[in-house]
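TrEMBL lists Cys114 with the feature active site, proton donor. Per TrEMBL, FMN binding site is recorded for Pro31, Met32, Val33, Gln85, His184, Ala238, Arg239. According to TrEMBL, the domain 'DUS-like FMN-binding' annotation covers 29-292.
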Amino acid sequence: MIDDIRETKECQLKDPMDLFHSGQVVKICAPMVRYSKLAFRTLVRKYSCDLCYTPMIVAADFVRSAKARDSEFTTNKGDHPLIVQFAAKEAQVLCDAARIICPFADGIDLNCGCPQRWAISEGYGACLINKPELVKDMVRHVRSQIDNPKFSVSIKIRIHEDLKRTVDLCQKAEAAGVSWITVHGRSIEERHQPVHYDAIKIIKQSMSIPIVANGDIKSLKDAENVHHLTEADGVMVARGLLANPAMFAGYEETPFQCIQDWVDIALEHGTPFTCFHHHLMYMMERITSKQEKKVFNVLSSTSAVLDYLNDHYGL
């Protein structure tokens, strides 16, 4: 897929840091396994999303296998600014992945927040918040080996129970040249507990680089509230955008035009049926009755979904 876009891509790259210097809160689509792929990124960009991340990609696989590169990373000339998120535990492997991606994306992000057991057992994700020297080393290596000064290097973290350790991690990353830090305001153990926005604010006040707040943001009003609570420079949203890809444009519920846009984009991109259908299930969650869900959620083909949308909504 990379070869397909080589000619059209290289002049399209942007400097993501320009967003943080705009004076506006930067609205960001989070890295989501299976979901934040090219078609969905195309959709949220139509509705005031400023910056998009790819799903997390294991850097070692990406470097080693052309097949992994083709299946994990797809983009096009309108897909900017774009951050590619990697899971990595070795500085040189992350550098090699960054070098491959550099002509086609605007930056990379190191995942230091994924709490899934498989990631932690492999030395990826949230276990890295306990290895500040390694994080510092990885950021510094990428900074020294990528020639493009506009290419961003960011990290996404969770917080420690002892916030001093988180501040120390962030300050070490800043010293190594990290562009910005996204803070999910929960510890590794916390899943559905309230987000510690006060912790994000303390981190923000301890740093001179941009900080992005992440966790439980489900509407534009939530985003504005979190910005005021934390003083963060940006807000990153995952499930809120799945439920309503138009939320950054101020819609309280997914508008029918957004559903129509998703159908058009997904068909144009050849999105696999399961992904196409799942996105619609999320988008229509709040606007369909229980009875409608029972019918819609078990549809098993694109044509059946299109017929349903046409019959019920005139789409």
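Glycine is treated like the rest: Cβ placed from N, Cα and C.
On the structure: features taken from TrEMBL.
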residue	record	Cβ contacts under 8 Å, 6 or more apart
Pro31	FMN binding site	Tyr53, Thr54, Pro55, Met56, Gln85, Asp109, Asn111, Lys156
Met32	FMN binding site	Pro55, Ala238, Leu242
Val33	FMN binding site	Pro55, Met56
Cys114	active site, proton donor	Met56, Ala87, Ile120, Tyr124, Gly125, Ala126
His184	FMN binding site	Gly113, Lys156, Ile157, Arg158, Ile159, Val195, Asn214, Gly215
Arg239	FMN binding site	Lys218
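In the predicted model, residues of the domain 'DUS-like FMN-binding' (29-292) average a pLDDT of 97. When Cβ atoms from all protein chains are considered, those within 10 Å of Ala238 (FMN binding site) total 20, not counting its own.
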